[in-house]
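Here it is: the structure, laid out below.
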Amino acid sequence: MPSPLVLALALLGSLVPVSPAPGQALQRVGIVGGREAPGSKWPWQVSLRLKGQYWRHICGGSLIHPQWVLTAAHCVGPNVVCPEEIRVQLREQHLYYQDHLLPVNRIVMHPNYYTPENGADIALLELEDPVNVSAHVQPVTLPPALQTFPTGTPCWVTGWGDVHSGTPLPPPFPLKQVKVPIVENSMCDVQYHLGLSTGDGVRIVREDMLCAGNSKSDSCQGDSGGPLVCRVRGVWLQAGVVSWGEGCAQPNRPGIYTRVAYYLDWIHQYVPKEP
């Protein structure tokens with residue numbers, strides 16, 4: 001059996017941050033300006049794997065219940081991937097090194113999803129069996145329905161994606177983290193109109209979206225579907241799901257996330273409020 005290092009080098013040669021959905025240039029798949037996450041942090045982080053020559057990392061996700069994972073719809077759609085073609089890897093410090101892949105029972109994509117730019121970029125994966133919760137594996141807390149995340153809220157995004165636009169995460173593929181500043185939706189919308197011929201009356205950043213990041217810290221291609229979590233009164237709440245953006249850590253182009261609080265009613269049509 002090849003050593004983990006040999007396997008990692010072989011994977012790197014074929015590792016391209018590809019999502020099964022179109023429009024990849026706008027999808028987020030990496031962490032810019034971050035550092036390796038401590039092994040004891042982010043116990044809800046998961047890696048989504050797509051069947052191929054090997055189970056390839058395509059997106060991030062978050063454990064929100066012992067049997068449910070939250071991710072972006074563009075990771076599994078718009079034509080829903082068969083559950084048999086997807087596996088979930090729970091919190092892993094280095095991709096591919098200690099895989100224990102979990103089968104998926106069903107995939108639920110939001111019915112209003114078409115493209116990330118049009119919103120509703122959210123999906124749920126039901127695992128075949130509930131996982132054992134421990135200090136290393138824990139669901140993240142969803143925010144209350146009226147929870148807002150104003151500028152200045154301490155928020156972090158995590159993932160295994162690109163470290164710069166077009167620069168894949170190198171071996172040993174560590175989980176990365178970066179603190180990102182929240183950008184108010186109105187300001188984010190103004191920034192995204194800069195340099196575009198789109199009229200000011202056309203809303204780019206919609207009410208079901210949330211913006212975070214700047215030219216020094218951002219999510220990138222590979223991080224798609226992963227969690228944006230914010231510390232509120234001592235509790236980590238999942239504010240967003242990594243969705244889309246223009247480039248990575250570009251001026252006036254914050255990362256755009258699906259606003260989790262906006263979709264709580266939809267989430268709880270499937271996911272019990274209590275484990």
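In case you wondered, yes, glycine gets a Cβ from its N, Cα and C as well.
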Per Swiss-Prot, which of Cys188, Cys220, Cys230 is disulfide-bonded to Cys211?
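Going by Swiss-Prot, Cys211 is disulfide-bonded to Cys188.
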Check Swiss-Prot and name the cysteine among Cys155, Cys220, Cys248 that pairs with Cys230 in a disulfide.
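Here Swiss-Prot pairs Cys230 with Cys155 via a disulfide bond.
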Have a look at Swiss-Prot and say which candidate in Cys59, Cys220 forms the disulphide with Cys75.
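Going by Swiss-Prot, Cys75 is disulfide-bonded to Cys59.
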Can you tell me how many other Cβ atoms are located within 10 Å of the Cβ belonging to Asp121 (active site, charge relay system)?
33
Given Cys230 (disulfide bond) and His74 (active site, charge relay system), what distance in Å do their CA atoms have, once rounded to a whole number?
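Roughly 23 Å, rounded to the nearest whole number.
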Using Cα-Cα distances with a 10 Å cut-off, which of the recorded positions Asp121, Cys188, Cys248 are near Cys75 (disulfide bond)?
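The recorded positions passing the 10 Å Cα test are Asp121.
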Sequence order is fine: just name those recorded positions in Asn132, Cys155, Cys188, Cys211, Cys248 with a Cα within 10 angstroms of Ser224 (active site, charge relay system).
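Neighbours among recorded positions: none.
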Give me the CA-CA distance between Cys211 (disulfide bond) and Cys155 (disulfide bond), in Å, as a whole number.
11
